[in-house]
Amino acid sequence: RFECCAAAQNQVHTHARIYRHTLSHTHTHTHTLKHTHAYTHTHSLSHPHTHTRIYTLTHTRVYIDTHSLSHTHTRVYIHTRVYIHTLTHTHAYIYTHTHTHTGVRMAKPAERAYYRFLVLFFNCMLTFGSYFCFDIPSVLQQQFQGNLTCVNSTLGNETECLEGLGLTPQEYNLLYAAYAWTNAVVVIMAGFLIDKLGNRFGVFLFSFLCVLGSSIFALGSHFKGSPYLLPLLLIGRLLFGSGNGSLTIVQNRITAFWFRGKELALAFGLTLAFSRLGSVLNFFLTERFEAQYGIQWTLWGGTLLCVLGFLSAIIVSVLDKVGMKQLGLEGTIQEESRKVRVQDVRLLCLRYWLLVFTIMFFYNGVFPFIADASKFIEDKYEGYTQKQAAYIAGAVYDSSLVLSAAVGILIDYVGLRGVFALLCAVCTLPVFGLLAFTFIPPLVSTIWLGITYSFAAASMWPSIPLVVPRSTLGTAMGLATSVQMIGIGLCNLIVGEILGEKNSDGKIPLWRWQRMMIFMLANTIGCIITSTVLNIIDRREGGTLNKMTKRSAVQDSETLISNEEETGERDNSSINN
């Protein structure tokens with residue numbers, strides 16, 4: 001302490017005080033920390049004097065916040081305060097305080113892993129019932145194309161005649177074409193509508209359309225032999241297609257939001273697995289159920305499963321709304337949605353369009369084949385019953401169900417999405433050749449196709465969020481689904497034309513089936529071409545799709561998307577001007 005006093009003896013006293021405090025505190029808090037420091041000095045002096053005090057306060061605070069989102073924040077605050085008071089005495093005080101606070105902020109439920117996987121579960125259930133319904137005609141193809149007046153019976157060595165709805169091969173394939181073409185038209189508007197009005201609006205509307213469409217389709221089966229049969233079946237498939245294809249867009253959009261940069265391919269793989277679980281159960285259970293209760297009650301059972309999807313839509317909407325509020329993103333997402341314009345399609349880059357056509361060509365070889373697979377197996381291979389043929393055709397979905405989650409984890413870990421897309425197409429080439437020109441057991445080919453399908457779904461669709469702006473993701477998914485369904489619808493019609501126009505009680509000639517397989521093979525070659533060009537373009541533009549790790553790919557995609565959004569804003573402003 002050094003104290004300086006102006007006294008008669010001119011004595012000088014100088015006082016220096018140094019205070020060092022090291023404080024360690026552990027705080028648990030849920031809000032932004034606010035610190036208020038109040039210094040109150042009260043002096044009662046009976047004689048005039050001049051007193052100067054200089055306070056230099058230096059505070060160093062270190063906050064380390066750790067929460068479930070795997071972020072670590074270190075905050076350092078340094079405060080220096082100088083107070084000068086003039087009195088007869090001059091005192092110099094130097095305080096040095098070092099405060100080290102280590103605080104753990106309690107993470108909100110929406111920030112925890114369990115919450116996003118809870119959202120994922122109900123998001124997966126959205127399409128479980130609708131995918132079950134989608135392929136019911138494939139399992140019951142004989143019933144749909146069976147003779148109207150035939151009574152089930154076996155006389156001597158005669159073939160058992162199966163009573164059915166009396167559709168021709170063309171009319172039967174038209175059911176799938178109607179579904180696909182409705183998707184092609186509706187999903188474009190649906191994607192834009194979802195971007196404008198949000199995911200919660202989409203899941204309500206499109207899950208309801210699935211329920212309505214499947215109900216009308218089931219109702220149509222009661223008009224067997226009347227002129228109302230085919231129109232009701234087609235109207236039901238139209239409405240069902242309007243809902244299911246668009247519902248898949250909402251499902252993918254919700255998945256992309258909650259898992260962007262966090263197990264994205266795994267999440268897409270699980271959604272695919274749940275959807276394919278519905279398809280697998282359809283191939284395992286539908287024929288048995290129909291044999292006991294008839295085709296009408298079988299179709300109504302599918303409608304009941306669509307109602308389950310509607311209930312899941314309500315739950316996932318609530319979870320999404322609560323989670324968005326907890327994350328503080330409700331207003332931000334709404335603001336981005338209001339900014340969506342039709343012109344934003346220009347933000348979709350060349351890699352996006354190459355991805356779209358790669359998806360289209362690959363799926364052109366999968367869905368049209370599955371639609372006729374059980375009939376193909378019965379006609380070409382000896383000794384297979386309808387039930388066995390349905391099981392073998394469903395092996396495509398069985399393989400996908402088993403492998404989807406594991407494949408998603410693998411691609412999340414390895415990356416190389418563009419390379420996997422190309423390899424899937426190349427590995428699919430032998431499948432249709434084996435089916436067309438050999439008598440190798442068909443189960444080998446269907447399992448093989450299921451494996452390549454699993455890798456394709458886990459590598460192609462999750463690549464779209466990496467190359468498009470987040471605000472246009474619904475539109476991008478809608479356009480991709482639209483192009484995919486246009487291709488599938490055309491393929492269904494072409495396959496129906498190849499297989500013939502006559503009623504199909506008997507076997508379809510083998511040469512017709514071979515032509516169909518060659519057509520599937522041509523689509524696979526188209527997929528190889530587009531995926532090859534995709535990898536070349538991606539390499540030139542930074543290799544976002546083929547990054548070796550998930551994190552680097554996400555970081556590159558965010559940089560790309562921000563640049564594209566800025567470019568789009570400049571383009572829009574120039575147009576407005």
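Cβ coordinates come from backbone N, Cα and C, glycine included.
Just so you know, TrEMBL annotations are computer predictions that nobody has curated.
Residues or ranges marked as transmembrane segment by TrEMBL: 113-132 (among others). Distant neighbours of the transmembrane segment (113-132): 68, 203, 207, 210, 214, 240, 243-244, 247-248, 250-251, 254-255, 258-259, 262, 267, 270-271, 273-279, 281-282, 302, 304-309, 312-313, 315-316, 319-320, 323; these residues of the same chain sit at least 6 beyond its ends, with a Cβ under 8 Å from one of its Cβ atoms.
Averaged over the domain 'Major facilitator superfamily (MFS) profile' (116-541), the predicted model has a pLDDT of 84. Look at TrEMBL and you will find 116-541 tagged as domain 'Major facilitator superfamily (MFS) profile'.
Residues or ranges marked as transmembrane segment by TrEMBL: 174-194 (among others).
Panel annotation: around the transmembrane segment (201-223), residues 126, 129-130, 133, 165, 190, 193-194, 229-233, 235-244, 246-247, 249-250, 253-254, 295-296, 299-300, 302-303, 306-307, 309-310, 312-314, 316-317, 474 of the same chain, lying at least six beyond its termini, place a Cβ under 8 Å from a Cβ of the stretch. Per TrEMBL, transmembrane segment is recorded for 201-223 (among others).
Taken from TrEMBL, the feature transmembrane segment covers 229-252 (among others). Residues 123-124, 126-127, 130-131, 133-134, 165-167, 171, 174-176, 178-183, 186-187, 190-191, 194, 199, 202-203, 205-221, 223, 268, 271, 309, 461, 464, 474, 477-478, 481, 485 of the same chain lie 6+ residues outside the transmembrane segment (229-252) yet bring a C-beta within less than 8 angstroms of a C-beta in it.
What TrEMBL lists as transmembrane segment is 264-285 (among others). Sequence-distant contacts of the transmembrane segment (264-285) (same chain, six or more residues past either end, CB-CB distance under 8 Å): 120, 123-125, 127-136, 138-139, 251-252, 255-256, 258, 305, 390-391, 393-394, 397-398, 400-401, 404-409, 411-412, 417, 454, 457-459, 461-462, 465, 550, 554.
Taken from TrEMBL, the feature transmembrane segment applies to 297-319 (among others).
What TrEMBL records for 348-370 (among others) is transmembrane segment.
Annotated transmembrane segment per TrEMBL: 390-411 (among others), in sequence order.
Proximity of distant same-chain residues to the transmembrane segment (418-440), defined by a Cβ-Cβ separation under 8 Å and at least 6 residues beyond the stretch ends, is recorded for 355, 358, 361-362, 365, 369, 376, 380-381, 411, 448-449, 451-453, 455-456, 458-460, 463, 513-514, 517-518, 520-521, 524-525, 527-528, 531-532, 534-535, 538, 545-546. For 418-440 (among others), the entry in TrEMBL reads transmembrane segment.
Annotation comment: TrEMBL describes 446-464 (among others) as transmembrane segment.
Packing against the transmembrane segment (476-496) from elsewhere in the chain are residues 169-170, 172-174, 176-185, 187-192, 194, 241, 245-246, 248-249, 252-253, 345, 348, 352, 355-357, 359-361, 363-364, 367-368, 371-372, 461, 464, 468, 516, 519, 523: each is 6 or more residues past its ends and has a CB under 8 Å from a CB in it. Per TrEMBL, the feature transmembrane segment maps to 476-496 (among others).
Under the heading transmembrane segment, TrEMBL lists 516-537 (among others). Sequence-distant contacts of the transmembrane segment (516-537), counting only residues of its own chain at least 6 positions beyond either end whose CB sits under 8 Å from a CB of the stretch, comprise 350-351, 354-355, 357-358, 361-362, 364-365, 368-369, 372, 376, 418-419, 421-422, 424-426, 428-429, 432-433, 435-436, 487, 491, 494-495, 498-499, 545-546.
Sequence annotations record features per position, and here TrEMBL assigns region 'Disordered' to 556-577.
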